[in-house]
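For reference, the structure discussed in these notes is given below.
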Amino acid sequence: MLKQLLSKCAEGKALTEDEAYAAMNIIMSGEATDSQIASLLSMLRLRGETVDELVGFVRAMRDRMTAIEASDDVIDTCGTGGDGAATFNVSTAAAIVISSLGVKVAKHGNRAVSSKSGSADVLERLGIDIQTSPSAAKQALETKGLAFLFAPLYHAAMKHAAGPRKEIGFRTVFNLIGPLANPARCKRQVVGVYSTCYAEKLAEAMRRLGSEHVLFVTGRDGLDECSIAAETDVVELKDGAIRRFVIAPEDAGLPRGELADVQVRDPEESAALLEAVMAGTAPESAINIVALNAGAALYAAGKAETIAEGVAMAKEAILSKTAYEQLQRLRAKEVIHDA
């Protein structure tokens, strides 16, 4: 069947949602060859993925993933990656801040692929355990308010696409759909996107998949998160409606900062800067970019009425050491019994 679907794509035609679902299922079952996978990814990238295709692919990923039980108010802060900006792990830092304010965070992430430091890499350097099973993640979510969901553990079937993805080297549909398949089935998210041209398609796909409040953010300086050094394009899905707007740091009560203050060379530097942010001793730009992204997440979570209000809450959590205390709680070792 995959050959017929590849032929359809080669003719410039889009796949239906069900065809996309079938194609992804064939890939994840290990029945597709590396050449077939690379061909499909290349054709989709050249033509541009449709909403139907995105929905079909995400449905297939969700159906095959190892899911964890979580309440509807759980949120994720996750990016597509691939922005090449060499920034420290802002979304991971934001996750720690918002979890310190009582918002449960199921942080979906991986090791570095194109970045200097993936969320798994920096958490290890900080001495924070990466939960090794769904039951451990569920317990961490309940007891500490934050669980790290290491993507390969929950999306084991994606290993079949790993080789072709690495060999072709460019961004593919997998970069876009990864953040949309959180194992906790989060309905509220902040998703960093490497190019804002994809944001409306992703928002429409998530609307059809039942999401409640999602912000797709792209800094105009190329960051796949809210930028402190430039305006940020935001596409918002909220209660079934989709709108686009632009937010500048000044709109959230923050001075414009320097990108150089948030760039790092390796996971060790990223961990050190993240810890300095939590301690309130980092450069102002680093503290403020975390506050800005945490503020967006607090807004998506329904904890704040506006992004600006969320930023004020996040800044207070950092300056009052509430976030630093949460970092220490996350570091504390405890016996987690696997079910």
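Glycine is no exception: its Cβ is also placed from the backbone N, Cα and C atoms.
Per Swiss-Prot, anthranilate 1 binding site is recorded for GLY79, ASN110, and the stated evidence type is sequence analysis. With a cut-off of 8 Å between CB atoms and residues at least 6 apart in sequence, the same chain places SER91, PRO179, VAL191, GLY192, VAL193, TYR194, ASP224, GLU225 near GLY79 (anthranilate 1 binding site), listed in sequence order.
Feature annotation from Swiss-Prot assigns 5-phospho-alpha-D-ribose 1-diphosphate binding site to GLY79, 82-83, THR87, 89-92, 107-115, SER119. The Cβ neighbour count for HIS108 (5-phospho-alpha-D-ribose 1-diphosphate binding site), using a 10 Å radius and every protein chain shown, is 27.
DSSP assigns GLU225 (Mg(2+) 1 binding site) to coil, not to a helix or a strand. Taken from Swiss-Prot, the feature Mg(2+) 1 binding site applies to SER91, GLU225, supported by sequence analysis.
Sequence-distant neighbours of ARG165 (anthranilate 2 binding site) (same chain, 6+ apart, CB under 8 A from its CB) are LEU41, THR172, PHE174. Summarising the annotation, Swiss-Prot assigns anthranilate 2 binding site to ARG165 and lists sequence analysis as the type of evidence.
The annotation Mg(2+) 2 binding site is assigned in Swiss-Prot to ASP224, GLU225 on the grounds of sequence analysis.
Contacts of THR87 (5-phospho-alpha-D-ribose 1-diphosphate binding site) defined by a Cβ separation under 8 A and a same-chain sequence distance of 6+ are given as LEU223, GLU225, LEU259, VAL262, GLN263, VAL264, ILE289, in order along the sequence. Of all the binding-site residues listed (SER91, ASN110), ASN110 has the fewest other CB atoms within 10 A of its CB.
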